[in-house]
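According to Swiss-Prot, the protein carries these features:
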- 14-34: transmembrane segment (TRANSMEM)
- 36-56: transmembrane segment (TRANSMEM)
- 75-95: transmembrane segment (TRANSMEM)
- 99-119: transmembrane segment (TRANSMEM)
- 133-153: transmembrane segment (TRANSMEM)
- 163-183: transmembrane segment (TRANSMEM)
- 209-229: transmembrane segment (TRANSMEM)
- 234-254: transmembrane segment (TRANSMEM)
- 265-285: transmembrane segment (TRANSMEM)
Amino acid sequence: MMIKQYLQVTKPGIIFGNLISVVGGFLLASKGVIDYPLFLATLFGVSLVVASGCVFNNYIDRDIDRIMERTKNRVLVKGLIDPKVSLIYASILGIAGMLLLYVGANPLAMWLAVIGFVIYVGVYSLYMKRKSVYGTLIGSLSGAAPPVIGYCAVTGQFDMGALILLLIFSLWQMPHSYAIAIFRFKDYQAANIPVLPVIKGISVTKNHITLYILAFMVATLMLTLSGYAGYKYLVVAAAVSVWWLGMALRGYKATNDSVWARKLFVFSIIAITSLSVMMSVDFNVPSSAGLLTYVG
């Protein structure tokens, strides 16, 4: 029973979601030549670091998790794991993950994990989430770290491809997170968390969602235009972005914002999964390096 609780506190769903993006970044950089020991070290290393961040987040958020309907049954809220033990557990997971990335991948992969971890736990969870409407923006940087780690584990350098991945996944996080904040509006309001819908209103949030999806659309296309992904990826990226944008625009006429936001949220997961899969398999670019100058 205790094993189940120690697993739950790491938020397995979040770990799995992040692993899909790690695979996308890793295989994009591998170009069909897969180093399997490196692949496994990267997957397990990132999994451990993400798990650590989630446990620390659960520890930090115990007070607000009690208030929110969605989180009131979390392991630490119900006292199923001693808070002090959870801190030790989180520390062990984090150190193990970072060591694995350092030894099994490369120092750059480890440092990117450290930066993502510090932003998520230190900047976002401890401060920005509770104090600023810009918390979501800061948190998006840590959410974009896994695919960049996967990519840099292979390349050993932070090039234009890594930067484009950072942009794609950071920009994706914003509409994804704002959608959650809309359909969980009452929870965030009750817990006094200053997310955009609560502070500025849902109408303003819809404008932000639309703008971020437009920016996301441009960023996704850059992966092909800069010579990193193929044209099959480009077609899927364009189709997914246009559909997501259409869903966002329909939000202006929505009679039930909660239902609309939930649909937008669900599609955001489909969208990013589709892109991760396509960049994994469509890494060959026909003849020329791309429509824009290749940097790598």
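Glycine is treated like the rest: Cβ placed from N, Cα and C.
When Cβ distances are compared across the two stretches, the transmembrane segment (163-183) makes no contact with the transmembrane segment (36-56), since fewer than 3 pairs at least 6 residues apart fall below 8 angstroms. Long-range Cβ contacts of the transmembrane segment (75-95) within its own chain (Cβ-Cβ under 8 Å, at least 6 residues beyond either end) map to 5-6, 8-10, 48-49, 51-53, 55-56, 58-59, 62, 65-66, 117.
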